[in-house]
Amino acid sequence: MAINIEYVILRHLQMELKAPFTTSFGTFQRKELILVEVVDRDGVSGWGESVAFSAPWYSEETVKTNWHMLEDFLVPLALAEPIHHPEELSKRFSAIRQNNMAKAALEGAVWDLYAKRLGVPLSQALGGAKKDIEVGVSIGIQPTVADLLQVIERYVAQGYRRIKVKIKPSWDVDVIREVRRVFPDVPLMADANSAYTLVDADRLKALDEFGLLMIEQPLAADDLVDHARLQPLLQTPICLDESIRSYDDARKALDLGSCRIINIKIGRVGGLGEAKRIHDLCAERGAPVWCGGMLEAGVGRAHNIAITTLENFTLPGDTAASSHYWERDIITPEVEVHGGLIRVPDAPGIGYDVDRRQVERYTQFAKVFHRTATA
């Protein structure tokens, strides 16, 4: 089946978060994103979302650099000739170094279109079989421990299957101790976002007593070696996030013993195809995976749901309900959580309708790119 993309629309959106979200890197009150729409010659649309942030705190990519890469390099490559399978794009994009979030946004839109043309849900096109997925929730650093406990209480009452608490050197052991005292049985993990160094090994080891599911990305994003030195010192499994940008990164991390769990983020690794390859590798190695979040709007959230239906996604992910972040999302129906589960949509493609009225409301500017007559 050949997919002939007639044109691509890039939209720059800005959405206000319902509440500020704080990590060891800073506080977010709004999310800028690029929404990618690809339209074939029959007028069928596929949707993707760039998860890059406005500033390069998570990686070197930003919304502005993603727009530049999409406009000047990636969109022309996608429009150059028909596409028979979305994974062909990774070969077309191979000459472009890094810029994984930009690549993933465009590839994701093509995956959505591909699944719609097949008449199957995106989850099925990827090889997933789950009807429901377990989800957890990520909670940013709060003004006080009392505030944090109130937030956790609210999400536990809503049935979330796992609680993730952001930590940093001034907000870690004592905070987790109090959380565990109040919630002794809640599946709990800590996310450091690279806030520590190997010098802090004893401090990180102090977290062992709290029975955490994992500690996520304690050390620098580019340091697999020190993570390999740290893991044997801890009872708590290390989960790598920012360190894993590709299949090869995952392979090296597992070979070195840098982690026991991997967080797969579609944007960080360059698309659904690479995410699936990493999933398959981890399944072979006996390393569980889960799907992390990047404050996605509805389109990105739908892609996360689809990839999480693969068999080795055995730990609850960060794909919380739309209402956790937004007053109004850009999809209908919005993503809802019931009893800690999200029902996987069974409609073709991402399974949700894009709410064009809301998209228009959030759009700051847009640009259309047409296929040339020779393409």
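In case you wondered, yes, glycine gets a Cβ from its N, Cα and C as well.
Less than 8 angstroms from the CB of Lys166 (active site, proton donor) sit Thr22, Thr23, Ser24, Ser138, Ile139, Gly140, Ile141, Ala190, Asp191, Ala192, Asn193, each of them six or more residues away in the same chain. Positions annotated as active site, proton donor by Swiss-Prot: Lys166.
The active site, proton acceptor feature in Swiss-Prot is assigned to Lys265. Within 10 Å of the C-beta of Lys265 (active site, proton acceptor) there are 26 other C-beta atoms, taking all protein chains into account.
Proximity of Asp241 (Mg(2+) binding site) to non-local residues of its own chain (separation of 6 or more, Cβ distance below 8 Å) is seen for Asp191, Asn193, Glu216, Gln217, Asn263, Lys265, Arg268, Gly292, given in sequence order. Asp241 (Mg(2+) binding site) falls outside any helix or strand according to DSSP and counts as coil. Annotation comment: Swiss-Prot describes Asp191, Glu216, Asp241 as Mg(2+) binding site, evidence class sequence analysis.
There are 27 other Cβ atoms within 10 Å of the Cβ belonging to Glu216 (Mg(2+) binding site). DSSP assigns Lys265 (active site, proton acceptor) to coil in the three-state reduction, placing it in neither a helix nor a strand. Cβ-based neighbour count (10 Å, all protein chains) for Asp191 (Mg(2+) binding site) stands at 26.
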